[in-house]
Ligand code: MLT
């Protein structure tokens, strides 16, 4: 009889954002009169339409697909040279990073790559994650059978090294006591919205090179970095070419959550023994992925054009303004808030010692505001809550006003 991958049965509940979507749907069904008035600041999904310069590129690429001379079938597995060369220049060389176009793998988004990358590593490797963090890293390793057993009470996996990032250590992970093989770093961090300076990141690069670990560096929120001493790429740090893989996304920078495009950088200097990880990822990519669509790669190319860049950075500024409204408004109301400066996320302490899910229900019930419970990102997220700056400005202001009013009622 066929056997299933039993590791899937170990996963507690459904994926965090699917659980939230189900809860919202149940609330809407039970309260049809309040559904309209609900403000969603939960999943980090953008609300502004795709910028005009990018829409124009999409139209043009669609026309290309309709003419024999410019039609494109399967894209090259790693992505078209026009996009990889642009990325190498603009995201890396212009920042002083030595990354070549043939070290860039274009994909259908960085969530897939963050989830799939573990496939090229041995089953025996131990992973270390910041706690709290984007749940895809742990969940994808659970599916692969790398995480041991789940302790329901504590919300932890026996074979995962958790690196708590809390107010006590200013959300800066400390080097773990046990030595990991794979270290996931999401910088700026999802969900806390906090980040690492160059000096702090250098500690991790040196550590990984010293112990022979690989850093899986998720830079999805890079466009939101405001502070000078925060690196935009791990390759700005000397030594990163021999220990780090970087994931980048167009979702939060250019509103591509529905378009789907991202890329992964695997430097050719990154080796395990004699094996180049670049060769393994190329093999995996070529076998399991048929190249991102031409139209989307042309759209991504337009993100770097003069007009496109200006327009997407205006959108980023809009979301950053929303984030500021949340941060300042909630702080003024007496909430304890973190993040928000180099990130579209504000991380706040729940009220009155409520746990994260109790606060989720309380806010939905009393303010019709949806956020994300901190415990969904790891055990150290318990007692915290995440709000995103990706809503509309009007809704963001309204949500903050409702939360302020709620606080006043207490
Ligand atoms: C989030 O809300 O954490 C993100 O939008 C999820 C994602 O990028 O997949």
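In case you wondered, yes, glycine gets a Cβ from its N, Cα and C as well.
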Query raised in the report: Need a hand: TrEMBL gives 74, 110, 111, 134, 190, 249, 250, 251, 260, 290 for pyridoxal 5'-phosphate, which of 162, 221, 318 is also on that list?
Result: 221
**Report entry** Site-mate of 15, 111, 134, 190, 290, 386 for substrate in TrEMBL, selected among 44, 155, 212, 219
**Finding:** 44
Query raised in the report: If you measure C-alpha to C-alpha, which of 74, 249, 251, 252 (recorded positions) come within 10 angstroms of residue 290 (substrate binding site)?
Result: 74
Report summary line: residue 252 (N6-(pyridoxal phosphate)lysine) sits from residue 190 (substrate binding site) (Cα to Cα, rounded, in Å) at a distance of 12
Report summary line: Close to ligand 1, in the sense of Cβ under 6 Å, among 15, 44, 111, 190, 290, 386 as binding-site residues, are 44, 111, 190
Query raised in the report: How big is the substrate site in terms of the longest C-alpha to C-alpha distance among 15, 44, 111, 134, 190, 290, 386, in angstrom?
Result: 35
Query raised in the report: Taking residue 249 (pyridoxal 5'-phosphate binding site) as the reference, which of 15, 111, 134, 386 (the binding-site residues) have a CA within 10 A of its CA?
Result: 111
**Report entry** Neighbour tally for residue 111 (substrate binding site), based on other Cβ positions within 10 Å of its Cβ
**Finding:** 20
